């Protein structure tokens, strides 16, 4: 008679089914997921539609169906000669499709959307005006800058022409043995003045204008006219002419613009 097997022995324990770690947990997760999906499908089938959804469905169905003769309003139109698909109006220039139905779903009062639209348009118009004013200001500032730059360039050019005229006047006067210029500023100012010249300047008549009273342009006009009359010379031509007829015939004019 065989010996009875010891249930506590290693041989009995090792013959049991080998259960790998994690397998029961995976089965439970799959089962729970299947139950959840079934429950969602059941809820979707049994879900009751809200009142708004039912109203929307009924409204869509009603709008898709054309009016029939059972409709009193449509029946009256037919009695007056209206046919389905025909435009309204005596001359047939009215609308063909019914006026669309716009359902107001929000809680705001009537006219609120129009108010919001008007405010948005006003805000946009205000923004456009600001942009336009900004562009105008920038254009004006740029134009003023160009004018200042041009005036500065013109002033520098006038000062250069005046110095050339003073240098030419001094040379031409010296060639004619003129020791003192007609006006002090006709020649380039010397770095050092004698005390006698300073005294002579102080004793000048008060009614006689001084060089400080004249602008650069006025000095240039006076000096170039002196050079033309006295020496028959034009600083822009760079030529001393033989006589007045030669000057008037061959020189374009008494200003810088005439020589451009």
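All positions are counted from 1 along the displayed chain.
Keep in mind that glycine also has a Cβ here, set from the backbone N, Cα and C atoms.
Annotated by TrEMBL as region 'Disordered', the relevant range among 173-192, 193-212, 213-232 is 193-212.
Under DSSP, the residues of the region 'Disordered' (30-65) split into helix, strand and coil as follows: 31 helix, 0 strand, 5 coil.
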